[in-house]
Amino acid sequence: MKEDNCLHAALICLGMLYYSHAITTEKLNHVRPSLHGHHEKGKEGQVLHRSKRGWVWNQFFVIEEYTGPDPVLVGRLHSDIDSGDGNIKYILSGEGAGIIFVIDDKSGNIHATKTLDREERAQYTLTAQAVDRNTNRPLEPPSEFIVKVQDINDNPPEFLHENYHANVPERSNVGTSVIQVTASDADDPTYGNSAKLVYSILEGQPYFSVEAQTGIIRTALPNMDREAKEEYHVVIQAKDMGGHMGGLSGTTKVTITLTDVNDNPPKFPQSVYQMSVSEAAVPGEEVGRVKAKDPDIGENGLVAYSIIDGDGMDMFEITTDYETQEGVVKLKKVLDFETKKSYSLKVEAANVHIDPKFISNGPFKDTVTVKITVEDADEPPVFLKPSYIFEVQENAASGTVVGKVHAKDPDAANSAIRYSIDRHTDLERYFTINADDGNIKTIKALDREEIAWHNISVFAVEVHKQHQEAKVPVAIKVVDVNDNAPKFAAAYEAFVCENARSNQQFITISADDKDDSANGPRFIFSLPPEIIHNPNFSLRDNRDNTASVLVRREGFSRQKQDLYLLPIVISDGGLPPMSSTNTLTIRVCGCDSNGSLLSCNAEAYILNAGLSTGALIAILACIVILLVIVVLFVTLKRQKKEPLIVFEEEDVRENIITYDDEGGGEEDTEAFDIATLQNPDGINGFIPRKDIKPEYQYMPRPGLRPAPNSVDVDDFINTRIQEADNDPTAPPYDSIQIYGYEGRGSVAGSLSSLESATTDSDLDYDYLQNWGPRFKKLADLYGSKDTFDDDS
C-alpha cells in the first residue's frame, strides 16, 4: 500500500513537470527559417541574393504514459512565409501521422492523440511540408523530424528466472561465491535512474549475503554443516531508482543446497559383535554382518572393512557390501568344533576417500571386536583319502581282493561305519564290498580288452544315522596279461604274376594284438616248421613288426594252379609269448612286363570282396528268379487287362441319337465304347487317329526274352509300358478326341427329362427300360410322356 501511494505521488509530480515542459516545448519547438543564397542578376550587372526559405528542425519530445483528458501538445510547425492569413497549409506524414500524431493545418500545432509507451517504441520519424492552401503547391521542401518518447519509471525490475537453484560445499569459508542473480529493467537506462538497480537480501540472513551492484550471493557464516541443515531458501530483491524511495522492485527465490564433504569419520554403534557358525558350514558361507555409520553421503560415506587382528584371521575373511555399506564376515576354511570352538576378530572400518582439507578431523576409521562361536554339527563320515586307485589282473579268480577303503566318524560319538557300492557305477556287478571293513573284491573275471578301467563309487554311512553318508570315487585298473595271440592286421589277399621273378617281393604284412603294448610287439613272423622250405614262397621278418612275402621260384601258371594258401606263424613279445597261425591267400594272375595285372581269376575278385563262389552263385540265382517273377507278373497283368472292346450282352453298339448337325463324319457318329473309360490304362497322352496313318509301322511285339545280367528291372518295365502305350495296332483303333470338347458349349442345349418328354417325336424310347441298370438314367431321361406324368 505504501508503494502504491508513493507511485501515485510520483505520477502527480511527473504530470506537473510535463505541463511545464509542454509550454516550454511550444516556445522552443518552432520552425525557424534558414536563408540559403541564390544568385540572380539585377540592374547594372549587380548580383543580387534572393532568399530561399528552408526548414531547420529541433527534436520534439513527448512524455510516455500520459493519461490526461486532452491530447498532448508535441510541438508547433511554423514558416516565416506564413503571414497568418490562412493561405499556408501544413501537412504531416510519416510514422503514426494521422493516427497517433495530428497537425492543425493552419497553426501547425502537433498533438499526440494516444498514450505512448517508450518500451514499445522510443521514437517516431515524421515529415513536415508547407503548401499553398488553394493550389496545394509546395511552398517549402519537405523535411523530416523526430519525436522522441520521454521515459518515466513505469517498469519494475524483472529477474531472468523466477527460481534459482545453487550448490555450495558445506564448511565453505565466508565470502564463498554461491550464484549470481540478474534482473533487468525495461525503462530507459540513459535517462534518469529508472533502470539503475540495487540488489538486497530479504530472506536467508545471516547465512548468506548479496552484493548490491552485481547480485552475487556469497556465504556469510563459516562451517555450515550439511548434516545439521542441508537446504536454505533465500529471497533476493532488485530495486530501481538506485534503491531510493519511490523505486519499483522485483524479487526472486534462490534455493541453496549444501553439498557433502568428507568431514565425518565412520563409527561403529557398538564395541563388540557376537556371531555363531556351524562347523558344517562350507567356505564362502556368510557368518554375519557389521556396519559402521557415516553421516556423509556418496563417495564421502563409502567405508571399506578389513580384519586387522585376531586368532581367526586365517579362518575368516570380510568383504564390503557397497550397496548396504556393511562388512560381510565369511568363512574362509572348514571349521572343526572338536579342534576349536570360538574365534575373535578385530575389524576396522575406514573411509575410502579422505579429503585432505579435513584430515585434522581424523582419523577417518574405527575398529570393533567380532567374537565367533563354532557350533557342533552331526557330520557325515570322512574317507581317509579323497579318492582311491587300485589294480587287479585280468582273468583273476572271483573273490580276488582289489583293495580297501576306510572312513571314520569325525564326531565324538565315533559311530560304526558301513560300506556299499553305488550300483549305478557298477551296472554289470563286477565288484562287491565288505560292508564292515571296506574290502573290495571281484565277482567275476575281468577282461582288460573289454574294459581297461572301472570307475565306481563307494558309500560310507553311519550305522545309527544312515542319513549321514559320504561318497568316494574308486578307480580300478585291470592289469593286462598276455591272453591274446597276434593276428593279421587286415584280411590280406595277395596276387602274384605268372611272370614273377625269383625272390621278388609281392606283399608286406603286419600284425595286431589286443593285449597291452607290453604283451604285444615286437612281433615275430615265421613259416610253420613243416613248410619252412616252401618251394613256392619265402617269408622275411623285417623286424619292425612287419614281414615281406617273396617268390621263391619262377614259372607260375594259372592253368596249373591259380590259388595258393600260405600259413604264417605270428608270435608276440609277452611272457609267456602267444602265437597264432594265419593263412595268406595268394592268387596267380596275368601281368604285363611292368608287373601290372591284366587278368586274374574272377573268384579272386570275389574273394577279395569277402564273397565265396557259392555265395556269388546264390546271389545271381536270386537276381534271376526275381527278374523272372517280375516279367511273369507284367505279362499276366497285360493278358488280364480288360479288353478295350467289350463284348457283353448288355453292350449296345448302335447310335442312340445321331449328332449330324455339324456335318460330322464317321468318327462323329460312331458310338463310344464305355469300356475305354473303364480301362484308364489304355489312355495316355498319345491317342491314335483313324484318319491319320502311322508314320512308321511297329514290328510285331517280341516275346519275352531272358534279361541280360546287368538288366535294370525298372527300365525293363517302363520300356514295356511305353511299347504298349504307343502301339497303334492295339485296340481301340478309334479316336476319342471329340470328347475333349466337353464343357465348351453346344447348340443342342442341355438334356432334361422335361424337355424330352414334351418333344414331338416319332421315336419310342421305351426299349431303354430293358437295357438294364446301366442305362437306367438314360431310360429316365427319354421315358414316355405318360410315364413322366405318372412319376410326377
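Quick reminder: no glycine exception, Cβ is built from N, Cα and C everywhere.
Per Swiss-Prot, these features apply:
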type	residues	note
DOMAIN	54-159	domain 'Cadherin 1'
DOMAIN	160-268	domain 'Cadherin 2'
DOMAIN	384-486	domain 'Cadherin 4'
CARBOHYD	N455	N-linked glycosylation site
CARBOHYD	N536	N-linked glycosylation site
CARBOHYD	N594	N-linked glycosylation site
SIGNAL	1-22	signal peptide
TOPO_DOM	54-613	topological domain 'Extracellular'
TRANSMEM	614-634	transmembrane segment
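In the three-state DSSP scheme, N455 (N-linked glycosylation site) is classed as strand.
By the criterion of other Cβ atoms within 10 Å of the residue's own Cβ, the least surrounded of the glycosylation sites N455, N536, N594 is N594. The domain 'Cadherin 2' (160-268) scores a mean pLDDT of 92 in the predicted structure.
Here the Cα atom of N536 (N-linked glycosylation site) is found 21 Å from that of N594 (N-linked glycosylation site). Under DSSP, the residues of the domain 'Cadherin 2' (160-268) split into helix, strand and coil as follows: 3 helix, 47 strand, 59 coil. As a summary of secondary structure, the domain 'Cadherin 1' (54-159) carries 0 helix, 48 strand, 58 coil according to DSSP. For the recorded site, N594 (N-linked glycosylation site), the DSSP three-state label reads coil.
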